[in-house]
Amino acid sequence: MNNKVNTRDFIVVKGARENNLKNVDIDIPKNKFVVMTGLSGSGKSSLAFDTIYAEGQRRYLESLSSYARQFLGGNEKPDVDSIEGLSPAISIDQKTTSHNPRSTVGTVTEIYDYLRLLFSRIGKPYCPNGHGLISTLSIKQMIDTVYENKEESKIQILSPIISQEKGTFKNKIEELKRQGYLRLRIDGNIYSLDDEIELEKTKKHNIDILIDRIILNNDTVTRSRIYDAIEKSVKEANGKVIVLVDDKELFFSQNHACNECGFSIPELEPRFFSFNSPVGACKSCNGIGFNFLPDTAKIVPDPSLSIKEGAIAYFRSVMMTPTMDLKREMSVWKEHDINLDVPFKELSKKEKNIIFYGDEDIGELKIDVNEQSIYSSSSFLYNNGLVNLIMRRFSETQSERAREYYEKFMSNLSCPSCNGQKLSIEALSVKINNKNIIDLTEKNINDLTNFFIELELNETDRNIAHLALKEIVDRLSFLENVGLNYLTLSRSASTLSGGESQRIRLATQIGSSLTGVLYVLDEPSIGLHQKDNEKLIETLKKMRDLGNTLIVVEHDEDTIRASDYLIDIGPKAGDFGGEVVAAGTVSEVSENKKSITAQYLSGKLKIEVPSKRRHGNGKTIELVGASGNNLKNVTVSFPLNKLIAVTGVSGSGKSTLINETLIKGIEKKLTNPFIVPAPFKDIKGLKNVDKIIKVSQDPIGRTPRSNPATYVSVFDDIRDLFANTKEAKARGFQKGRFSFNVSGGRCENCSGDGLIKIEMHFLPDVFVKCESCNGKKYNQETLQVLYKGKSIYDVLEMSVVEARDFFYEIPEIKRKLDLMVEVGIDYLKLGTSSTHLSGGEAQRIKLAKYLQKRATGKTIYVLDEPTTGLHIHDIAKLITVLNRIVDNGDTVIVVEHNLDLIKCADYVIDLGPDGGINGGQLVAYGTPEEIIEKKAVSYTGLFLEKNMYKDK
């Protein structure tokens, strides 16, 4: 009997042992929508990404030449016996698409490429000086325009060969003389080529060849002379002609050029509209859209102070003993009678401009360089102002410390030349339906789709553009279908959340219409409101229906229930996971008694709605008039000593309200005057807060040496313990001996890494276990010091829960490890490198550290989507931890979409009603029950009701 699985229908994995996987065998059906779920850290990603996708990628790389492989890396075979039936694999994970400021939603999705093509084919250039449509002219059309003037007019036909260029142009003038030309018009004056012409090298010049002088008559000879002269001018000046008719000057061009002012643009081609090409980019900012410049908001961070009180932060430390720079500035302020004793905000606009940008018309002022008096007798020529002064000092200094000081007063500010639009004035002059290409990229996806659907074109343009238009509209609709209708194409890719980046790549893949591909996705529902979840699920099904296999690592219940096949990894996390607990349809898995996921799916386990909501301490923080990004003058109160959930559809303004306005606004007032929050009018109730802490999902350390034990400071206590053993004292070992970061106790062969990097040149670098320490990071003498039979390396290899039991009798160590267990990271090894931690794990490690601190009752903790990467069982633990912080007297604000967390909040602030320009309003606020009452206007209320009362 042949039990071999047909690899045409299944991906057959045998003996997967990557990370914590325990010799996993699994048959995954092809051309199905497969979801892998399980507790956080159970091994889902190890199976999906580190095993199945990694092997698919390795096989592809193996097919390339060794020369190509050296540039790609990453062809190490995963720890698995075999994988059969594997298709070409594409990973769509949560990593931010790009940190390059040039990368935007438009470039990542390739929609901008089609826009560039569209504008180069049917775009119409307009004069930026208000002279209307620019068109190309034939020589006949030029002559016809000349003949619109009265007969007997004196006309001169000139060829503009040099326009606003520096130089003496001696060689050019000599060449024109040899060609037989007699006269030139230089900077408006006529010169004979027989004259000695001397031009200033540093000055910009205009040089025109005088081709012919003619009396305008409507006879054949005159018309022929005009034709010949214009034709010659066109050849010499690359299509341009100037015709002087009496005192009137006419400008003509065979290229795109304005007849009135001469503004011209080159032939339209796609790269002309690229801010990544020198041809199209703004020359001032090189296509980035911003420049690093002095920021008036940082120079004067607190305008309620007077200048004498230190309003100007740049001079704050020298107000009592003025420096030369300050003396110069104050001399100018005195000249303009600027009052140094009134609050800076009460100065007039003109006075502020003088302070920031100087007064070039003021001439010479006197100052004494030797005395403390600020009004004096030595003269200097003034033209600075603080902005110019700081910019000059920043540009000229060679000192790194000085540069860091000047940078405190500088920001990336919108480029004044292109107003942040990245392109040259010529490219921005080309329009379709009165909109330039950047105008279109600044529309949200919804509005942009409608613009192209409703676009009216003549038959010729429609025939030219229909293919490009179809691609644009199709790709925009794919973005809408994954819930990104609030984004703009101009949005920088580096500002996108992990979930947004992943869904953009998802939309791009749909646009490619590939078939027979294995897609591996990591929680595509992250950051997505329940309102848009159905669209996302339909998109995933559409990818499956194209003939692809989808393996989706996911915790979202709706996505799990929509799957064709469900694989539950567990039963728990870390060393207690790594097994396939259940596999089959959702209904089959739901009946599995060993699966924690099954217990939640069947309703046997669930996160209960709290029996009562906390009333708080009666104090509030009120944010008044928040108007950053799409926020529409929002005023909102945050009741303190409560668990507050800030909700709303994707793009409604939650992150702007909390991360960019509330956090930065409070930090500016309390700790960092140089920080620049999004615009708001006021924050009331600051006396009720001593600090605000953002518990982000950023890594806990920048190097692989950082680990959970060092971050929560428990490793310090453990090293103290080892240093106090009899063996350590006998050998004279101090606490530092047990650190793998400094010389002494660490293995010097691998510098405490445990691994040695071997460069393979034409192959990827290989990391091998250090032979000196056998991968244990420490030298032999250090490892001989034991505590209860375990070395310091053995302790780092323990899981948190194992370490807690091991150090049960040491209260300080046990207390810190108890907190790590409480936040749900009991499965992590103490020595796990920070680079191997997920964002959710990093966030929970930070929570464990903050829980060590004594509550003040005045601290606000902010978490942005803390349920990212968490199984519902882990979310229950997280809610317990957040409740503990609030019960201790502090306040917790979570920006969240997860309904199980939202329903456990004491207070909900719901923004909306939709995303982008259709969001940014306070839709509802109050308890979850009060939000449900507003379900007619609140999408959150609508879905919250379904979640809270689904059993009723």
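Each residue, glycine too, has its Cβ placed from N, Cα and C.
Since the structure is predicted, the reported quantities are computational estimates derived from the model, not experimental observations.
Among the ranges 258-285, 622-649, 874-901, 902-929, the one that Swiss-Prot lists as zinc finger is 258-285. Cross-referencing 288-314, 747-773 with Swiss-Prot places the feature zinc finger at 747-773.
Around the Cβ of Ser40 (ATP binding site), the same chain contributes Ala573, Gly824, Ser838, Gly840, Glu841, Gly869, Leu870, His871, Asp874, each under 8 angstroms and 6 or more positions distant in sequence. Around the Cβ of Ser650 (ATP binding site), a 10 Å sphere holds 25 further Cβ atoms from the protein chains shown. On its own chain, Ser42 (ATP binding site) has Asn20, Ile569, Gly570, Pro571, Lys572, Ala573, Gly577, Gly578, His871 as residues at least 6 apart in sequence with a Cβ closer than 8 Å to its own Cβ. Taking the zinc finger (258-285) as a whole, pLDDT averages 87 in the prediction.
Just so you know, the Cβ of Lys654 (ATP binding site) picks up 26 other Cβ atoms within 10 Å once every protein chain is counted. Annotation note: Gly648 (ATP binding site) sits in a strand segment as assigned by DSSP.
In the shown protein chains, 29 other C-beta atoms lie within 10 A of the C-beta of Gly648 (ATP binding site). In the three-state DSSP assignment, the secondary structure recorded for Lys44 (ATP binding site) is helix. According to DSSP, the zinc finger (258-285) comprises 4 helix, 3 strand, 21 coil. In the three-state DSSP scheme, Lys654 (ATP binding site) falls into the helix class.
Around Gly38 (ATP binding site), taking its Cβ as the centre, 30 other Cβ atoms fall within 10 Å, counting all chains.
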